[in-house]
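To keep things clear, I will list the structure first and then write my remarks on it.
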Amino acid sequence: MVNELYPYIVEFEEETESPGLETHRKRKRSGDSDSIERDVAQEGEPGTGLDPRSSPTQCSVPAKKGEDASTKKESLGHWSQGLKISMQDPKMQVYKDEQVVVIKDKYPKARHHWLVLPWAPISSLKAVTWEHLELLKHMHTVGEEVIADCAGSSKLRFRLGYHAIPSMSHVHLHVISQDFDSPCLKNKKHWNSFNTEYFLESQAVIQMVQEAGRVTVPDGMPELLKLPLRCHECQQLLPSIPQLKEHLRKHWPK
DNA sequence: GTTCTAGAAC
DNA sequence: GTTCTAGAAC
């Protein structure tokens with residue numbers, strides 16, 4: 001029955017040959033507990049986001065362009081497709097079940113920052129219909145479970161939501177702690193994407209799908225990313241990223 | 001999404 | 001002079 005319900009999983013596996021994934025899912029299915037299945041490798045750099053410059057530039061020999069291999073790599077190896085690769089990598093997977101997988105964000109913008117992704121190849125919220133309602137609810141529930149499973153999470157506040165205009169392909173739910181204590185948080189766009197209306201609450205998205213059958217994103221989203229930096233806890237305006245980051249320390253849990 | 005860096009801002 | 005931001009990346 002799994003094949004009928006999730007034909008895309010089979011397709012994807014055949015394409016990418018991921019034997020690890022197969023055993024992994026079986027294990028989870030047979031276990032069938034509510035607890036989060038942890039299988040995290042603590043090593044760094046998974047190497048999913050290919051820097052367009054790093055590969056050709058490192059080589060002193062001016063490699064020819066337009067080869068079959070490099071052309072194919074362009075489409076699959078493009079940075080915007082990185083999540084599709086990461087989510088298939090067992091070393092990246094924090095949790096998985098029949099419908100979704102959770103990975104750590106490769107460049108976390110807070111102490112805890114996960115992405116919940118469906119196995120179904122849904123490119124973005126634009127492609128979401130009422131048929132995905134239960135899936136979106138499940139993604140939210142799984143996000144909350146990962147939080148509950150995380151040591152020290154009870155001291156932190158979390159938000160779950162989607163970026164109005166995501167850069168990475170494949171729909172992904174951000175689960176992020178509200179400390180925003182991370183060296184990867186570097187610019188205004190990073191801040192505003194999580195701290196303005198650009199961040200669409202998961203619950204609001206679910207409600208929208210429930211009532212309208214689709215997700216509509218208001219106009220003016222790109223402009224939100226350029227708004228002045230404002231503290232999400234006390235609304236104070238800060239003149240620069242370094243000063244914002246210094247200010248945020250005040251609100252860290254004690 | 002990130003890196004890199006010119007030149008604006010301080 | 002140094003810090004910081006913002007736009008290009010073929």
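The backbone N, Cα and C atoms fix where each Cβ goes, and this holds for glycine too.
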Can you check which of A:130-134, A:150-154, A:170-174 TrEMBL lists as motif 'Histidine triad motif'?
A:170-174
Just to confirm my parser: what is the rounded mean pLDDT across the motif 'Histidine triad motif' (A:170-174)?
98
